[in-house]
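Chemist: Okay, these came from TrEMBL:
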type	residues	note
REGION	1-27	region 'Disordered'
COMPBIAS	17-27	compositional bias 'Polar residues'
BINDING	Cys22, Cys36, Cys39, Cys45	[4Fe-4S] cluster binding site
BINDING	Gly75, Lys76, Gly77, Gly78, Val79, Gly80, Lys81, Ser82	ATP binding site
Amino acid sequence: MASSGIEASALPEVPENANQHCPGTSSDQAGKSAACAGCPNQSICATSPKGPDPDMAAIAERMSAVKHKLLVLSGKGGVGKSTVSAQLAFALARRGFEVGLLDIDICGPSVPKMLGLEGQEVHSSNLGWSPVYVEENLAVMSIGFMLPNPDEAVIWRGPRKNGLIKQFLKDVHWGPLDYLVVDAPPGTSDEHITIAQCLQSAAMTSDGSASGTAAIIVTTPQDVAVIDVRKEVSFCRKVGLPVLGVVENMAGLVTPLERCTFTAATSSVAANGGAAVAGDGFTAAGTGAEVDVTSQVLAFLTERFPGASLRVRTEVFRAGGAADRMCTDMNVELLGRVPLDPGLGAAADAGQPVVGPVPFGESSNAEPMDTVASAVGWDGLACLPALLTIVDKVVDRTRGTKSSS
């Protein structure tokens with residue numbers, strides 16, 4: 001029987017599809033007992049190393065100071081997973097939570113750029129590695145802080161990557177955290193098995209309350225991306241990791257009208273430098289040259305809708321609810337749809353949050369969304385309502401309470 005690529009240590013003690021009288025995946029008899037005959041997990045259990053991992057005790061002790069661990073996953077690269085991780089961490093911190101952001105995308109660390117921390121270094125003390133602080137309540141750790149040359153490729157095999165992930169978890173001194181957001185690499189590989197196993201090793205926090213680990217899966221609207229999300233959900237269920245929900249990123253392009261350029265394809269072009277022959281300047285016929293008609297279109301729409309703030313929306317990939325159907329089929333929640341917003345891309349490139357400098361949520365003094373967006377330089381961001389709705393749901397689903405430390 002072909003192996004599924006999952007170690008027995010990453011499976012629940014008694015998997016859902018196990019035979020009756022399963023001895024347990026951590027037992028010395030796992031995969032060898034008569035009760036294991038015919039079990040789909042038999043070869044995994046029989047070949048996996050037995051005995052406790054010596055790093056787990058140190059990781060459990062360090063993670064006991066973290067109330068909620070959020071593992072941000074994606075089935076494919078390039079769907080905006082790191083952007084969602086960064087903005088989620090920013091937003092949780094702006095609500096007053098103590099937040100850590102851990103970048104375990106060893107071969108493609110983008111968190112330092114997205115949080116404006118390029119060129120920062122990691123320092124150590126008798127308490128362990130010190131994370132880099134963006135704000136007083138937002139700490140960050142990434143291999144990007146350790147590379148002497150940011151353009152240098154990290155060419156590591158699985159065991160070395162897993163070793164660094166464990167070192168991050170057991171050696172970084174976060175202090176008490178309400179949320180640890182983990183930006184994982186795309187796919188379902190060794191790193192994902194390691195991080196899921198390690199984060200689940202700490203079931204209680206240092207104050208005696210329950211500690212939770214859950215996954216947030218990021219996708220885009222294409223069928224090819226959603227297909228991989230199904231595999232990601234399946235992975236989470238096999239390793240016993242609850243799925244908090246799915247974020248559909250790049251769900252349509254939304255941009256202010258004034259940032260758009262309008263052209264008209266004309267059937268013929270006058271000899272005076274390309275002016276349209278048609279008298280109204282808008283005729284689009286045939287296959288002639290394109291003429292810029294932006295000023296005419298903007299003037300027309302401004303006159304037609306005086307005082308309105310107009311936006312243009314189009315479906316870049318597809319419309320039709322592929323993520324909706326997938327979430328219904330697999331019984332997971334769609335947390336929200338984030339449009340492809342040029343302002344969000346500008347914020348990521350600048351290492352800035354799109355959620356402004358005042359706390360939201362419980363504070364009665366919280367400013368309106370547009371006021372906050374204006375304060376950080378991106379007035380009227382189309383992505384902001386969706387992002388804030390997602391953060392609301394994350395806090396509600398985890399019943400986030402602020403650290404008293």
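Heads up, residue numbers simply count up from 1 along the chain you see.
Every residue, even glycine, has its Cβ placed from backbone N, Cα and C.
Walk me through the surroundings of each of these features.
Modeler: Counting only residues at least six positions away in the same chain, the Cβ atoms of Asp103, Asp105, Ser110, Val111, Met114, Asp183 sit under 8 Å from the Cβ of Ser82 (ATP binding site).
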Chemist: Rounded to the nearest Å, what's the C-alpha distance separating Cys36 ([4Fe-4S] cluster binding site) and Gly78 (ATP binding site)? Just drop the number here, would you?
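Modeler: About 41 Å separate the Cα atoms of these two residues.
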Chemist: Please report the number of other Cβ atoms within 10 Å of the Cβ of Lys76 (ATP binding site).
Modeler: 19
Chemist: What counts of helix, strand and coil residues does DSSP assign across the compositional bias 'Polar residues' (17-27)?
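Modeler: The breakdown for the compositional bias 'Polar residues' (17-27) reads 0 helix, 0 strand, 11 coil.
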